[in-house]
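Report on one structure; see the data block that follows.
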Amino acid sequence: MTIIKRLSGSNEEISRILYEEQLQLSQQNLDVEEAVAEIIETVKQDGDQALRDYTMLFDKVEVADFEIGQELIDQAFEEIDPEVLAALKNAQANIESYHRQQLETGFEDSPSEGVVRGQLIRPIERVGTYVPGGTAAYPSSVLMNVIPAKIAGVKEIIMITPPQEHFTPAILVAAKLAGVDRIFQIGGAQGVAALAYGTETIPKVDKITGPGNIFVATAKKMVYGVVGIDMIAGPSEIGVIADRSASPVYVAADLLSQAEHDKLARAILVTDSEELADQVEAELDRQLKELPREEIARASIENNGRIILAPSKEAMFELMNQVAPEHLEIAMDDAYSYLDQVENAGSVFLGHYTSEPIGDYYAGANHVLPTTSTSRFSSALGVYDFIKRIQYTQYSRAAVGAADKDITSLAYAEGLQGHAKAIEARRQEK
């Protein structure tokens with residue numbers, strides 16, 4: 001039985017099909033916006049009381065105090081598995097060493113006598129990060145969102161996470177290790193609204209980052225402009241470029257590593273080997289039966305998984321650049337030599353042994369990545385997402401005099417006489 005759809009034809013035909021499929025997935029979420037808009041407006045008006053009401057409605061929990069105190073954090077350190085704690089610390093070190101290389105410095109120059117130009121780098125004042133709860137508790141996402149902000153110099157980092165009867169220890173431990181300043185137990189669109197507008201208890205932030213369900217993603221989209229956001233993330237996706245040198249066992253396992261996230265996740269294999277395509281499909285069928293999250297992964301593979309046969313290696317890369325996947329694996333013997341052919345991808349994993357989960361947890365590069373082909377114009381979360389670049393300029397009187405004819409000519413050409421007169425006023429100064 002076929003469990004994954006195959007596509008063949010020209011790259012243009014395949015790209016059109018994939019784009020239309022993606023569009024259909026996006027349109028399924030339009031009806032969420034009305035509900036989210038109502039939640040945001042209610043939180044703006046009623047503050048903490050709205051948060052309590054929505055928490056009871058959605059989470060079935062009555063919250064006495066939204067802020068999580070030091071006692072619970074200390075308890076988490078006592079309860080966490082020592083191996084998980086050690087792994088978190090090792091991952092933290094890798095993430096820090098990678099992201100420190102993204103630090104920017106300002107610059108200053110003087111292109112002519114009396115002219116000084118430059119750029120200042122300043123951190124964002126306060127950032128809020130959303131961390132999902134329940135079965136979707138990802139301590140790795142805490143590290144990935146918070147560490148770059150901390151390195152950038154963000155002065156206060158607020159974390160929110162849905163209330164639970166018993167918090168996953170690794171979430172609270174990761175928050176403490178990464179440098180979160182305050183943690184609040186509030187989730188959903190109401191949590192995003194609280195971060196964007198502030199309530200009696202929860203501080204208003206300047207930027208919101210972090211993954212969440214469609215309600216969280218929609219809320220982030222709707223508060224953008226009031227605050228900054230990292231991105232509008234869709235379901236997880238992986239693209240694998242593989243030739244006959246690839247292991248079908250590895251390729252199938254890596255496709256499933258993303259398929260198990262969400263029934264809407266996309267897993268795409270592009271290969272020039274029909275034999276490998278057959279072997280990968282057989283492996284998918286075998287490995288699915290062994291996954292605890294088989295139902296989710298199977299729905300993803302059957303509905304959104306694709307195997308695409310390409311006529312050449314060049315065609316494989318051309319097509320995958322059009323797909324612009326969140327994660328891209330190059331499963332080839334000489335994978336590194338093909339890196340310069342990659343134009344669009346959130347994060348690239350090179351060679352047969354660099355499985356995508358290495359990046360999810362450990363290598364150090366960020367796992368907060370652009371989805372739904374947005375890697376065509378956006379990038380992984382990084383230190384640069386938590387800074388502002390402030391330009392400055394200084395002209396001496398003589399320098400203004402040397403440039404004023406050019407400036408006033410341009411101002412008059414645009415019909416902005418006030419601009420021109422502001423320069424002319426300085427020309428007339430005795």
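Think of each number as a place in line: the chain as shown, counted from 1.
Using N, Cα and C of the backbone, Cβ positions are placed for all residues, glycine too.
Here is what TrEMBL says about this protein:
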BINDING   TYR130, GLN190, ASN213  NAD(+) binding site
BINDING   SER236, GLN258, HIS261, HIS327, ASP360, GLU414, HIS419  substrate binding site
BINDING   GLN258, HIS261, ASP360, HIS419  Zn(2+) binding site
COILED    270-297  coiled coil
ACT_SITE  GLU326  active site, proton acceptor
ACT_SITE  HIS327  active site, proton acceptor
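Feature annotations (TrEMBL) mapped to structure.
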{"residue": "TYR130", "record": "NAD(+) binding site", "contacts (Cβ under 8 Å, 6+ apart)": "MET159, ILE160, THR161, GLY187, GLY191, VAL192, LEU195, ILE208, THR209, GLY210, PRO211, GLY212, VAL216, LYS220"}
{"residue": "GLN190", "record": "NAD(+) binding site", "contacts (Cβ under 8 Å, 6+ apart)": "ILE39, THR42, VAL43, ALA50, LEU51, TYR54, THR55, PHE58"}
{"residue": "ASN213", "record": "NAD(+) binding site", "contacts (Cβ under 8 Å, 6+ apart)": "PRO132"}
{"residue": "SER236", "record": "substrate binding site", "contacts (Cβ under 8 Å, 6+ apart)": "GLN258, HIS261, ASP262, ALA265, ARG266, GLU326, HIS327, THR371"}
{"residue": "ASP360", "record": "substrate binding site", "contacts (Cβ under 8 Å, 6+ apart)": "SER140, HIS367"}
{"residue": "GLU414", "record": "substrate binding site", "contacts (Cβ under 8 Å, 6+ apart)": "none"}
{"residue": "HIS419", "record": "substrate binding site", "contacts (Cβ under 8 Å, 6+ apart)": "ILE407, ALA411"}
So what's the average pLDDT for the coiled coil (270-297)?
97
Would you mind pulling the DSSP three-state label for ASN213 (NAD(+) binding site)?
coil
Between HIS261, GLU326, which of the recorded positions has its C-beta surrounded by the fewest other C-beta atoms within 10 Å?
HIS261
Among all the protein chains here, how many other CB atoms are within 10 A of the CB of HIS327 (substrate binding site)?
26
For substrate: widest Cα to Cα gap among SER236, GLN258, HIS261, HIS327, ASP360, GLU414, HIS419 in Å:
55
Number of Cβ atoms other than its own within 10 Å, given for GLN258 (substrate binding site):
27
